[in-house]
Amino acid sequence: MALFGALFLALLAGAHAEFPGCKIRVTSKALELVKQEGLRFLEQELETITIPDLRGKEGHFYYNISEVKVTELQLTSSELDFQPQQELMLQITNASLGLRFRRQLLYWFFYDGGYINASAEGVSIRTGLELSRDPAGRMKVSNVSCQASVSRMHAAFGGTFKKVYDFLSTFITSGMRFLLNQQICPVLYHAGTVLLNSLLDTVPVRSSVDELVGIDYSLMKDPVASTSNLDMDFRGAFFPLTERNWSLPNRAVEPQLQEEERMVYVAFSEFFFDSAMESYFRAGALQLLLVGDKVPHDLDMLLRATYFGSIVLLSPAVIDSPLKLELRVLAPPRCTIKPSGTTISVTASVTIALVPPDQPEVQLSSMTMDARLSAKMALRGKALRTQLDLRRFRIYSNHSALESLALIPLQAPLKTMLQIGVMPMLNERTWRGVQIPLPEGINFVHEVVTNHAGFLTIGADLHFAKGLREVIEKNRPADVRASTAPTPSTAAV
């Protein structure tokens, strides 16, 4: 009985679980590109290492090592991998760091000073980034693990006191190696929890698309990593800006991502597009009013000829009044995605009337229009764009079958009017697109769209339009390195 109850609760929870409207998969194919950009960023961060001055005394010799700066990172071997539980793991082995520092030596009344180059060799770094969902639904670096070690140090001392420095070099280089070991992991911890999070802050969560609607890209759960990819589930739901708490129930199928051949895949379900169209419908945007000169001249003449019998019965003051054509969508359009293509079904009312000045309008006809549009999706940069095309069009009377027959001559000119006057306006808006949840400075290239039953996927490669350093510097928060919590680092001496 207890087992039955547990099963029932599990099924009940599953029945109420909301599917994501948008999914993104980053595959291992992207890791080489990400690693190249990440290592450039890492080298720049390691150059910010601040090593305390090293002072000491050996016999009558007093030495001071100061102004230690990391000048370069030379890599022999590095790997970036997905790891379950850890998300991203970077391993650097047998690398070397170039350093430059100021030396000062005092022996009785003799003083020597200057700058010298050194190198830290056999540098190994193993650092992992743990990704999670924060309370606002944003992806964050929630933890950074780190192990770092420097095997040996070498400093090319020279000059009059070369033999003295050679005598002291063991003390100096051992001390520098110890201090350097202690500084690598704190720098990486700050880079992950502060700087990389400032990059992730550029990913839209709840943002405006235009003056009418917004979109919710909040993560529904923590990112899930396997050995070959990283999967993220986003709500992917539009909403009217005047009803920010409104939500369309998601009854669409869950999009599936199986491919791993491209760097990244994005999947959108029918719910993603349905919520967009319903949001615009609720915002009152799906209507069109043409009056007087706004009605195409040929269509004006055809409409007057079609309703000539009704017009001649009106008073002379009304007969030559401006014509009004009003299209109003009656219900939220719906999207259907099949392997053969994507279609959008629309039902609207069409009202034709005369609008004499300073008098009530005179309605000539009211009809219903059924239209089916084909939709082609494309991903450009980081914007999902849509191109619409009118495929099927039918009008019929709300009153009688006889009047529906009389409307047949209007079918072609009304369709032409929609294709020439309405579709360009729609496409101007839909081709502007909506941004997908991607950090600033990263774009998609070489996109391929594939339709499935109930959802579509877009495979693409990644392109860094801006470097990580450029984006992070633009969005860098106030430096909180001093207040950062103690790093979970392990530095091997």
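Keep in mind that glycine also has a Cβ here, set from the backbone N, Cα and C atoms.
Taken from Swiss-Prot, the feature disulfide bond covers C146-C185. Feature annotation from Swiss-Prot assigns N-linked glycosylation site to N64, N94, N117, N143, N245, N398; the stated evidence is experimental evidence. The feature signal peptide is assigned by Swiss-Prot to 1-17.
Long-range Cβ contacts of N245 (N-linked glycosylation site) within its own chain (separation 6+, distance under 8 Å) are none. On the backbone, the CA of N398 (N-linked glycosylation site) and the CA of N117 (N-linked glycosylation site) stand 88 Å apart. C146 (disulfide bond): 21 other CB atoms within 10 A of its CB, across all protein chains.
Across the fold, the C-alpha of C185 (disulfide bond) and the C-alpha of N143 (N-linked glycosylation site) stand 13 Å from each other. Every protein chain considered, the tally of other Cβ atoms within 10 Å of the Cβ of N143 (N-linked glycosylation site) stands at 16. Taking the C-alpha atom of N94 (N-linked glycosylation site) as reference, the shortest distance to any of the recorded positions N64, N117, C146 belongs to C146. Recorded residues C146 (disulfide bond) and N64 (N-linked glycosylation site) have their alpha carbons 30 Å apart, per Cα-Cα distance.
N64 (N-linked glycosylation site) sits 15 Å from N117 (N-linked glycosylation site), taking the C-alpha atoms as the reference points. Of the recorded residues, N143 (N-linked glycosylation site) and N117 (N-linked glycosylation site) place their C-alpha atoms 35 Å from one another. According to DSSP, N245 (N-linked glycosylation site) is assigned to coil rather than to any helix or strand. Every protein chain shown contributes to the tally, and the Cβ of N64 (N-linked glycosylation site) ends up with 14 other Cβ atoms within 10 Å.
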